[in-house]
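Q: Marked as active site, proton donor by TrEMBL: Glu206. Summarising the annotation, TrEMBL assigns Zn(2+) binding site to His23, His25, His203, Asp284. The annotation substrate binding site is assigned in TrEMBL to Asp285. As annotated by TrEMBL, domain 'Adenosine deaminase' applies to 18-338. The site 'Important for catalytic activity' feature in TrEMBL is assigned to His227.
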Amino acid sequence: MSYRLPDPALAALLRDMPKAELHVHIEGTLEPELIFALAERNQVDLPYADVASLREAYAFSDLQSFLDIYYAGASVLLHEQDFYDMARAYLARAVSDHVLHAEIFFDPQTHTARGVPMASVINGLYRACRDAERDWGISCTLILCFLRHLSEDDAFRTLAQAMPLRDRFIGIGLDSSELGHPPEKFARVFAHCRELGLHLVAHAGEEGPAAYVWSALDTLQVERIDHGVQAHQDEALMQRLARERIALTVCPLSNQKLQVFPDLALHNLPQMLDAGVAVTVNSDDPAYFGGYINENFEQLFAATGMGPRQAYQLARNSLEAGFVGEARKKAWVQQLDDCFVRNGFAAAIDAG
Ligand code: HPA
Ligand SMILES: [Zn+2]
């Protein structure tokens, strides 16, 4: 089900308000047109005849059915310039959606397993971030994700390969198939990353149970939870998330596409926000799930009937949950306040 906002003033506010994107997989921003262009450039065979038939395959029943196609799409990425072009396209889009700051996930094991050098992956993405900052003023950092369906030893090897480029990523995440791969499987490698001074996040409670969110917090000691929507099943967990202001990077269109919620109108984000949890809105894999961050905001608000007060809270949560210094956060929140005043929604600031 796709939703449209009937209120043009609210739609304009959601579009124009400054925001941060804290949960986007760069490989999930690879649009079918770019997949085919890179396939041709790199002479990679694809099991789809054209862009239209690839898009037709984007009908998912759960996380795994998506991941199978997502990893196939990433097979066209071979050279540093491919990673640069992919990230450049995403960042241009983020700028037009008024994203001030993006923390971008990448999955190195998806590429190194095919013989792509770690340096090609990280240097291509990093150069795109620096160029976007120079050209468009967007702030942009990288988070290296371990694939949880692989072993912890594989994660350690991946970390070792990335260490010569340690200054080019700020944190570590955990993604891929959740069920059967609980956070504690990666306890030792996360403890090591913590000692290295890396920020820590993990996907938990997307399809997996609330127990995985507890484990990500207590065993991995992550600073944010990616998705986390299953926390709603556990009142004690909800209270902890709210009390400790642990941000959840929620991805509404992803949750609908992967059938975590059968329909956006049934999404629990409004209740989580009401319960005082620091929820944020993000796009996850926008090329596959039918929309970038502003489309996530617009459709979610249209489906659930939320208004300017919640828009303010969500944007503010995102600007405050990034891994950046307090002075920059304060300046960004000032820009957010100015936007709400300019658009005639000053009351939403005071209510928030
Ligand atoms: O939503 C997701 N969940 C887990 N792994 C992923 N890798 C890309 N997107 C996702
Ligand atoms: Zn994700």
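Yeah, the Cβs are placed from backbone N, Cα and C, and that goes for glycine too.
Curation plays no part in TrEMBL annotations; they are all automatic predictions.
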Q: Average pLDDT across the domain 'Adenosine deaminase' (18-338)?
A: 98
Q: Given His203 (Zn(2+) binding site) and His227 (site 'Important for catalytic activity'), what distance in Å do their CA atoms have, once rounded to a whole number?
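A: Rounded to the nearest whole number, the Cα-Cα distance is 6 Å.
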Q: Which chain-mates of His25 (Zn(2+) binding site) that are at least 6 residues away have a CB under 8 A from its CB, listed by sequence?
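A: In sequence order, the residues whose Cβ lies under 8 Å from that of His25 (Zn(2+) binding site) (at least 6 apart) are Tyr70, Phe105, Phe106, Asp107, Cys145, Asp175, Asp284, Asp285.
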Q: Quick one: of the binding-site residues His23, His25, Asp284, Asp285, flag those whose CB is under 6 Å from ligand 1, and say none if nothing qualifies.
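A: Within range of ligand 1: His25, Asp284, Asp285.
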Q: What other residues of the same chain, not counting His23, His25, His203, Asp284, have a CB atom within 8 A of the CB centroid of the Zn(2+) site?
A: Val24, Gly28, Phe105, Asp175, Asp226, His227, Thr249, Cys251, Ser254, Asn282, Asp285
Q: What three-state secondary structure does DSSP assign to Asp285 (substrate binding site)?
A: coil
Q: Give me the non-local Cβ neighbours of His23 (Zn(2+) binding site): same chain, 6+ apart in sequence, Cβ-Cβ under 8 Å, ordered along the sequence.
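A: Listed in sequence order: Phe105, Asp226, His227, Thr249, Val250, Cys251, Thr280, Asn282, Ser283, Asp284.
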Q: I'd like the Cβ neighbour count for His227 (site 'Important for catalytic activity'), meaning other Cβ atoms within 10 Å of its Cβ, all protein chains included.
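A: That number is 29.
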Q: For Glu206 (active site, proton donor), which residues of its chain lie six or more apart in sequence with Cβ-Cβ distance below 8 Å?
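A: Listed in sequence order, they are Leu63, Glu178, Asp226, His227, Gly228, Val229, Gln230, Asn255, Leu258, Val260.
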